[in-house]
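S.K.: Can you keep this structure in mind? I'll have questions shortly.
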Amino acid sequence: MRKRFSRAWSIFLLFATAGLIVYLIDKERGELARSWPYLLHANAWGVAALLALQLLFFLLQGASGRVLFATMQRKVPLLLLTVLYTLQTMYNAVLPLSGASGTAAFIFWGNRLGYGLKETTATNLWSLALSYVSLVPLLLLCLFAAFATNGQEANLIRVGLLIAVAVSLGVLLLYFLISRFGQKSKRASHTLTILREEWKRMQHHPIPFLFACVYLFLVYVVRMVMVYTAFQAIHVPISLWLAVLSYSITSLLVLVSLAPTTIGVVEAVLATVVHSYGVPLSMAIAGTLMYRFISFYLPIPVGALSLVFLQRFLKKPV
């Protein structure tokens, strides 16, 4: 019953998101048409810089995973982890299940490559947890923007911050309930045991976990620079501060949107935020699309190639 409800809820959110995308495309089709010339005349060096930054994005993810694996006495090549994170990104894009599909793919292939089911699962979940911890500076930027500006954007940011705080308190409450009453349930007791083991491992290896957190924060920095570079590439210069702020606000609103996929959500939010700070809407849409082409749509075929690479690496088909 619970699985059916979860599946039905995901399908509902997926169709709701698709409906929103269709509505926005129809509403802004004139601005979309005016944005294409900016994309067609993009600077080649700017596009090359975006590609290099996207590669750096995956390398930083791989570096964080490598550090986390090392705390469990597992030495994993950086190239292999970079391929795994590329594959995870591809699955998250083509199977919109709020990240579950990418996580499952990472764990499946990590286990098949011989790095252990427990170790691969722990690494992926720690990467997810630390990536949320690394969002704290971005949330502080959003907090600054919420009180430094007025209007509809400030209200949206404040609502997003309130939801983020509520979700964080909910997670803490869930952990407290598991800790307090977990012994009465076999499954909850097992989960509590695993959480305690992982907490002890972090206490025994604080420096590696700190480095992993720094790597994951740098992932967000790379994304901010990519937003800045995307607008430079289409000859629409924006300030670095606007790129940082718009990406931070977009990350917050996407985080609390509860949508099963970021397709359309990031495009709508980022373009709206940039436009609200004075950039013409057609230019804001063009810069957003340039950023998303490299950061979201391009990793789909690259992820498919990484799947072929992993199959050949193991020398046996799935």
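Even glycines carry a Cβ here, placed using N, Cα and C.
For 7-26, 38-60, 93-113, 125-147, 159-178, 209-231, 237-256, 296-314, the entry in TrEMBL reads transmembrane segment.
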S.K.: Does the transmembrane segment (38-60) reach the transmembrane segment (125-147) with at least 3 CB pairs under 8 A, where each pair is 6 or more residues apart?
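M.R.: Touching, no - the transmembrane segment (38-60) and the transmembrane segment (125-147) miss the threshold of 3 or more Cβ pairs under 8 Å.
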S.K.: Most CB pairs under 8 Å with the transmembrane segment (93-113): which of 125-147, 209-231, 296-314?
M.R.: 296-314
